[in-house]
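Undergrad: Here it is, the structure in full.
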Amino acid sequence: MKGPITFLLQLGAVYTSIASACKLSDLPILSAHGSYGSNQCIAFGGEQAVIDRLIDPQACDIPKLIEATADQLQDGLTKGCFTSVDLVKVRITLQTPYRQGNVLIIVVVQTYVARIAEVNSTVRAVTEINPDALTIAKQMDNERKMGKLRGPLHGLPIVIKNNIFTDDKMSSTAGSYAIFGARTSADATVATKLREAGLVIMGKSGASQWANFRSLNSTNGWSAYGGQVTAAYIKNQDPSGSSSGSGVASDLGLAFATLGTETSGSIVSPADKSNIVGLKPTVGLTSRRFVVPISERQDTVGPMARSVKDAAYLLQVIAGKDSNDNYTSAIPFDTIPDYVKACDINALKGKRIGVPRNVIKIFGSPQTVVDQFNQALAVMKKAGAIIVENTDFTSFAEFAQSPIPDDILYADSLTNLPAFFKQLKVNPHNITDLESLRRFTQHHRLEEYPSRDTARWDIALQKGIKNTDPKFWPMYQKNVKFGNEGGILGALRRHKLDAAVLPTDLSPYIPALIGSPIITVPMGVYPNGTKVNHDRELVTSGPGIPIGIGFMGDLWSEEKLIGLAYAFEQKTHARPKLKRFIQPKKEVKGIL
C-alpha cells in the first residue's frame, strides 16, 4: 500500500481509520517518532515487575473499577492490596520483522489496559496508550515504598484528551493527521501538573476533531485519527463532544478519571451523555499552554470523573497560575481553594438556587427532562436550598438569534490557531494557519472530506475578521453582555443567587460567552418509550440515555459549585442506577 499507514496500538484493539481496508500483515508499526524496528519489544513492560505486597490481596476489599473513587484506590495502594504497576501493566512484543510480511503481536494486558482492550473496538474511547506507562507506574510504586507520596492521586492512571500535548512517545493530534507527528518543546502545563502530582498519564482519549470546530455535517466524537467514539448506554449512542472519549473512558472505569477541554459545552455535554461529573472551570483557572486552541476567551481544561469529589481532587492538581498563559494571571486568590474540602453534604442548606425558566422555554426541552429537573429541584429544597424561580437570562432570546457568539469563535480561531502552530518545534506538514489546515484536510483522504465538510473554517476564512481587527471589539462587547448582565452574572446579582441550575444540555451556552464555570452531575435517564432519533449512524436520543443537571456560578466560584454539586450527588446517587449495553469485566482482583 502506498503512502504512510499509521498503525496505532489502540489498547488491544488494533485498528486505524483505514484498518478495515488492510490486513494485519500489511501494516507497519509506527510511533510518533517513526517505525519500530524488527524484533523490538515495545516498552509497555516487557520485564516482569517484582511487587512487594503488605497483605494478601484476597483479604482486601477491592472496589469495582467502574465506580472506584480516588480514595478507594489510594487506600488499596497504601495497604499494599495492589500497586500502580498492577493498574497499568501491559506487554506488547513484535516477534517477526515487518519486512518479512508476517507481523505477530502478543498482547498481555492487565487491569485498566485490559478493560480498555475489552471495549475499545466498540466505543473507541482511547486512541493510544503510553509506552512508558509501566515505567512511570514503577517509579510511583518505588516512591510509595520509600514513604514519598506526591499527593492524594499518587500512582493513579489517567487518560487525557488528545488535543493536550505531551512531550513523550504519544501523539497529540486533535484528531487530525494534519498535526500527526507534531511536537512541542514541553508537556502542556496541565500534563506537567499531573506528573508532578504522581498521576500516571496512561493514554489519550478520542474526541470530536478540532474540538468540533471544523464541520457542520460531521458527528460528535468523530475524528480522522481516532474514528467514531460512541457512548455506552445504548448501541451507537452519540457521545456528544468534543471531549467524547474522555467522557466514555471515565464512565467505563478505563482510568481513574480523565481530562477534557471546553469551549462551549465540550466537557459538560459529553459528561452528561456518559453519566459522569464534568467540571468546566473558569477560563484562566487552568493553563491552556500547549493545548490546541479555538478561542483564548472560551477555552478551558477541566476534569471528568465518576464523582464530584474525584473531579475536585483533579481540579486541585491542575488549577493555578502559569506565566505561559496570561489568562491565569487573573486568578484572584494567592492560594488555590481546597476544592476537596468543599465536598460537604450540607452545602445546599441555605443556598439560593436560581432557575432561568426562559432558557428552557426558548430552547425547548423534552417533558421527561423537565419533570426530572423539577424533581431535582425538590431534592435541593428538601436539603435546605432556597429555590428561586424565573431568574431569567434577560438577553437569552436575543442571544439565541444572534450570529455574534459564533463570530467571536471564528475571529479567535483565525488568530489563536496560527499562534499555536508557530509554537510547534516539529510541524511535519507545515500547517501554519487555518488556510493551510483547510488545504491539507480537503486533500488528505483520511480526513473524509467532503463527506465531512470544513464549513466552520470556510465561514471563518470568508469573514476574515481576526480578534485584532477593529471590528472585533464591538462584537465582543455585545457577546459579553449576553453572558454578563443579560446572562448568568446578571441573574446571580439581581436575585442574590449562589448558583443557577438547568438541565445540562441547556447549561453551557451562556457561561461559555464569559468563561464562567459549570459542573454537571448525573440526574436521571430517558425512560422506555422515548423516541429514537439519529444523526447519521449515531443515536442522539432514546431510552436509557443519561440526563444531567448543570450548576452554573460566578467567575472563580468553583469551590461553591463543587459543594452544591456534591451535596446533590450524595442526596440522589443517580449514577449507579443506570444500565449500559457494554462495560468491561476485568477487575484488579482478577489479575493479582
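Heads up, the Cβ atoms here are built off N, Cα and C, so glycines get one too.
Pasting the relevant annotations from Swiss-Prot:
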SIGNAL    1-21  signal peptide
CARBOHYD  ASN120  N-linked glycosylation site
ACT_SITE  LYS161  active site, charge relay system
CARBOHYD  ASN217  N-linked glycosylation site
ACT_SITE  SER242  active site, charge relay system
BINDING   SER242, THR263, SER264, GLY265, SER266  substrate binding site
ACT_SITE  SER266  active site, acyl-ester intermediate
CARBOHYD  ASN326  N-linked glycosylation site
CARBOHYD  ASN430  N-linked glycosylation site
CARBOHYD  ASN528  N-linked glycosylation site
Undergrad: Using a 10 Å cut-off on CB atoms, tell me which of the recorded positions SER264, ASN430 is the least crowded.
TA: ASN430
Undergrad: Which residues, same chain and not among SER242, THR263, SER264, GLY265, SER266, have a CB within 8 angstroms of the centroid of the CB atoms at the recorded substrate site?
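TA: Other same-chain residues with Cβ inside the cutoff are ALA211, ASN212, GLY241, SER243, THR261, GLU262, ILE267, SER269, PRO508, ALA512.
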Undergrad: Among all chains shown, work out which of the glycosylation sites ASN120, ASN217, ASN326, ASN528 has the most CB atoms within 10 A of its CB.
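TA: The residue with the most neighbouring Cβ atoms within 10 Å is ASN120.
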Undergrad: Since the record lists SER242, THR263, SER266 as recorded positions, which of them has the fewest other Cβ atoms within 10 Å of its Cβ?
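TA: Minimum Cβ neighbour count within 10 Å, taken over the recorded positions SER242, THR263, SER266, occurs at THR263.
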Undergrad: Please list, in sequence order, the residues in the chain of LYS161 (active site, charge relay system) that are at least six apart in sequence and whose C-beta is under 8 Å away from its C-beta.
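TA: Sequence-distant Cβ neighbours: LYS204, SER205, ALA207, SER243, GLY245, SER246, THR258, LEU259, GLY260, THR261.
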Undergrad: List nothing but the largest Cα to Cα distance in Å, as a whole number, among the residues SER242, THR263, SER264, GLY265, SER266 that the record says bind substrate.
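TA: Largest Cα to Cα distance for the substrate-binding set is 9 Å.
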Undergrad: In whole Å, how far does the CA atom of ASN326 (N-linked glycosylation site) lie from that of SER242 (active site, charge relay system)?
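TA: SER242 (active site, charge relay system) has its Cα 24 Å from the Cα of ASN326 (N-linked glycosylation site).
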Undergrad: If one measures from the C-alpha of ASN120 (N-linked glycosylation site) to the C-alpha of SER264 (substrate binding site), what distance in angstrom results, rounded to a whole number?
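TA: Rounded to a whole number, the Cα-Cα distance is 27 Å.
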Undergrad: THR263 (substrate binding site) to SER242 (active site, charge relay system): how many Å between their Cα atoms?
TA: 9
Undergrad: Which state, by DSSP, holds LYS161 (active site, charge relay system): helix, strand or coil?
TA: strand
Undergrad: Which of the three DSSP states, helix, strand or coil, fits SER242 (active site, charge relay system)?
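TA: In the DSSP reduction, SER242 (active site, charge relay system) maps to coil.
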Undergrad: Other than its own, how many Cβ atoms are within 10 Å of the Cβ belonging to GLY265 (substrate binding site)?
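TA: The answer is 28 other Cβ atoms.
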Undergrad: What is the separation, in Å, between the Cα atoms of SER264 (substrate binding site) and ASN217 (N-linked glycosylation site)?
TA: 18
